Amino acid sequence: MSATTQTQAATPSPVLTFLKQPLVVALILIAALLLLGEALSPGFASGQQILRLLIVAALLGIVAAGQNLVILGGREGIDLSVGGVVSLSAIIGGNLMNGTDAGILPAILGCIAAGAVIGLFNGLGVTLLRIPPLVMTLGMLGVLQGLLVVIRNGIPSGRAAPGLSQFVTQPFLLGLPGIIWLWVAIGLLLAFMLGRTVFGHRIYAIGSNEQAAFMAGVPVKRTRIALFMLSGAFAAVAGMCLIGYSGSSFANVGEQYMLPSIIAVVFGGTPLSGGKGGYTGTMAGAVLLVVLQSILTTVHIDESGRQMVFGATLLILMLFYGRGRAMRA
Amino acid sequence: MSKLIMRGVSKAYGATLALRRGDLTVEGGEVHVLIGSNGSGKSTLCKVLAGSVRPDSGEILIDGKAVTITGPHAARTSGIGIFYQELSLAGHRTVAENICLPDMPGGIFVDRAALESRAQRYIALFDTVSGEGFSAEAVVENLRADQRQLVEIMKALATEAPITIFDEPTSALDRAQVDRFFEILRDLKVEGRSIIFISHRMDEIFAIGDRVTVIRDGETVGTEKIADTNPGAVIRLMVGGQDELAPGASAPPATAAARNGAVLTIANFSGKGFANVGFEVAKGEILGFGGLHGQGQSAVLRAIFGANPSSGGTLALSGSAFAPSDPRAAIRRGLAYVSGDRSRDGVISGRPILENVTPIHYLRQKLFLARPSALAERVKPALEALHTKFAGLSHPINSLSGGNQQKIVIARWLIDRPDVLLLDDPTKGIDLSAKADLFSLIRKLAAEGMGIVLYSSEDAELLNNADRILVFNGGKVRRELTGADRTRYNLYQAAYEAA
C-alpha cells in the first residue's frame, strides 16, 4: 500500500510524461520511419510520396474512426465487419455512380445507409441478443463476404465518377486533395463530439463503467447501437473513397482494413477495454501504419509478410498495454 | 476441557477495527449461538475460524491445543467445517458431486460409486423433506432455492468436522425442513459434535441453542445459557448501554405526512427478495429502513428505482401513478438513488470529476452540448454543498479518497433536485467526516422538502437521522418505529423477530 503511494508521489519529469503520450510516440515513430524509408530508397519521403501516403492513411483513418468509437464504448467492443462494409460500399457506390458525376450523391447516401443498417444489425445483436461483439461482427463479416460473392457473381463491376476520383486524388485546397480535408473534418468533428457533447460523454461513461452509467440514466443500449451504426457508416464512406482512389472495385478490396483499423486505434492510445482515449491518436496511428506498410513494400516484403508484421505489431501493443494495466492496478 | 476456545481475537481492516476482542468458548456436544447486530464483528470472528481471515492477535485452542489457522485448508485439517451461503455451489454439477466437493473420493480419477454412496448418506437424512426432483444426480442449478440450501447443509455435514459453523443456514427453508435440520443437529450433539449457529430468527435460536454468545462493537459481551435467559435479555445484551438516541437528534415530525402530503406512496410492492412492502414518504421526511443486512431493504430501493425488476404492487409519486421500468425513467420522474457500492453503481472510473457529476443534469435538461464552463458553474455549488475536496474538475475521479468519490456521486443529484432521494447504505466504507457532511446535507435537503428514504446498515446512523424506521426481516416490513419507539432495543427486537 505505502509502496504504491510512494511511486505515485514520485512524479516523473514532464519531458518523460510528454514523451510517453501515445500521440507523441506515434509522431516520433512516423518521423523515424520516414527517415528510414528515405535512407533505404531515396525519394521515399518526397512531398509527392508523402501526399500519396496521406491519402492512403485517410482511407484507413476513416475506417478506424468507426472502429475507435466502438472500442471506446467498452464491453469488449470491436467491429470486425468493417472490411466487409468497405467492400460492399465500394460495389454499391461503383454501381450507383457507374462513371457519372450525377450518381455521386445517390451513391454516397446509398452507401452510408447500407453501412448504417449493417451497423444497426451488429448493435442489435450485441445489445438485445447479448452476443459478444467479436462473435457478432465476425459473423456479420462472413455474411457480407457471402453477399459480395452473390452480388458480383465473381465479375468486377461499377466505376467511380470522375468527380469522386478527382476529390480523392487531385489537389483541392492548399494543394491537398479533398479526402485529406474530409479526414481532417472528421477528426475535428469527432474531437468535438467526444469532448463537448453529451453523446460523447455517454460513450466514455458506458465504456468506463456500464453499470454506473445505467444507474445514472445513460441510455446504454441505444448509445452502443449508435456506435456500431457510426462504425458501419464510416466504413461505408471509406469504401466510397476507396473506389474513387482505385477507379473500380475488385474482390474483397476492404479486407485489408480490418486488422490495421484496430491497430491504429490501439496505437493511438485507446485501450481495447474502452472508456478512454480518443480519435486524434488514432489518426497518427493510421499514418504510422501506412508509412510502415510502405516501407515493407519498399524492401520487397509481400502481402503475407506485411500481414504477419501487422499481427505481430498488435500483439506487441497488447503486451505493452497489458503491462500498463497491471502496473496501474 | 472445552472443544474450542477463542481468546482475545482482533482484526483491523485498515483503520477500521472490525473485531476488538472476540472471545468464544464452545463445548463438545453443544449448539452454540453467536449473535450480534450489523457490523458487530460476528462474521469476522467466524471468518477467522474458517481461515478466510487472518487475525491480528489472539489465540485459538482446539481440544486445549493452540492452533494457527492459516487458510481454509488449515481450518479443515484442524477439524472445522463451515456452511457457506448458496454462492459456494457449483451450479452445473450434480447434488452428489457438490456434497463431496471438499474432498472427492478417489485419486486422480473420481470414484463415482464411492461418491454416490457417500453423498447418499446425507441425502437420506433429508429424504422426507427435500421435495420433488431432489436426487443425487440432480443438477444443482435446476433445484429450488430451498433445495439448494439443503445441498449446502449436506455439504457442511459431509465434512464430518468436529466443529461446524452454520451461518444463517435456514433462510430459504420451510418449517418442516427446519424441523428436520434441527433433529439432525440434535443427533450430532449426541455424537459430541460442536455446532456454531448464526441466525436472525430469535425463535430458532431459542429452539436449537444451548448457549448464546453476544458480540457488540467488536467485543464479546457475554455468554448465557439459553435455558436461563429470554429473547428480551439477549437483545438488551446486544444493545448494551448505548444511547437510545443521540443528543440533538431532531424530534420526529410525527404529523409530517398529514401536513405535507406523500411524495412517494407504495403498496403491496413485491419482487425478488421482498414481498408486500407498503409505505409512504412525506415531503421533508427521512424514512429509515432498518434490520439486519440483506433483508430486502436494498432490493426494495433498487426496484423502486427500476434497477431491479419488481413483480407487483402500486407506486405513486406525489399522487400520480408510477411503474418502475429503468433508472432513466425513474430519474425523469424525479427519483434519485445512491448506492453504497460506489465502485459498481456510482463511480465512472477513470473519467474526470466533471463527467461524473453531470449525467443526471444532461438527462433532466435534455442537453445536447456539454460546455465545460457552463457545466462548471452548475457543478461547483453541488460539490461545495458537500464540502468536497478536489484539485480540479478535469482530474480523474479515481484520484480522490473513497469518501470524496461518494460525495461526487451524490453531488450529481444536487444540480437538478429530485423529489425523492433513495439512499442505499450510502456511507459504506467512507470516513467519519464525509459521513457527517453527508448527513448534514440530508437533513438540509429534507428541510427543503425532499422526501428521503435511508437504508443504513449502521444502526446508529438510522436512529440518529431517521424520523421513522421500518424494520425489515425476511423481505417484509416487520415493524414501524416512530417517535420515542425508535430505540436500539426495539430495532433489534423487530430485526430478530420470527420471520
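The backbone N, Cα and C atoms fix where each Cβ goes, glycine too.
Note that TrEMBL annotation is computational and uncurated.
As recorded in TrEMBL:
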type	residues	note
TRANSMEM	A:23-44	transmembrane segment
TRANSMEM	A:50-71	transmembrane segment
TRANSMEM	A:103-124	transmembrane segment
TRANSMEM	A:131-151	transmembrane segment
TRANSMEM	A:171-194	transmembrane segment
TRANSMEM	A:225-245	transmembrane segment
TRANSMEM	A:257-274	transmembrane segment
TRANSMEM	A:281-301	transmembrane segment
TRANSMEM	A:307-324	transmembrane segment
#### Entry: Closest-packing stretch to the transmembrane segment (A:23-44), where packing means Cβ pairs under 8 Å, from A:103-124, A:225-245, A:257-274
A:257-274
### Message
I need to check the long-range neighbours of the transmembrane segment (A:225-245): which residues 6 or more away from its ends have a CB within less than 8 Å of a CB in the stretch?
### Response
55-56, 58-60, 62-63, 65-67, 69-70, 72-73, 77, 79, 81-83, 85-90, 92-94, 97, 107-108, 111-112, 114-120, 122-124, 126-127, 158, 160-161, 164-165, 167-169, 179, 182, 186, 199, 203, 253-254, 257
### Message
Under 8 Å between C-beta atoms and at least six residues away from its ends: which parts of the chain pack against the transmembrane segment (A:257-274)?
### Response
21-23, 26, 59-61, 63-64, 66-68, 71-78, 80, 82-83, 86, 141, 207-208, 235, 238, 280-286, 288-289, 293, 307, 310-311, 313-314, 317-318, 321, 325
### Task
Between the transmembrane segment (A:171-194) and the stretches A:50-71, A:131-151, A:281-301, work out which stretch tops the count of Cβ pairs under 8 Å.
A:50-71
### Message
Can you work out which residues elsewhere in the same chain, 6+ from the ends of the transmembrane segment (A:50-71), have a Cβ less than 8 Å from its Cβ atoms?
### Response
34, 77-79, 82, 86, 119, 133, 168-169, 176-177, 179-180, 182-183, 186-187, 190, 203, 227-228, 230-235, 237-238, 241-242, 245, 257, 260-262, 264-265, 268, 270, 272, 274, 277-279, 282-283, 285-287, 289-291, 294
### Query
Excluding the flanking five residues on each side, which residues at least 6 beyond the ends of the transmembrane segment (A:131-151) place their CB within less than 8 Å of a CB in that stretch?
70, 75-81, 83-85, 87-88, 91, 118, 121-122, 125, 251-252, 258
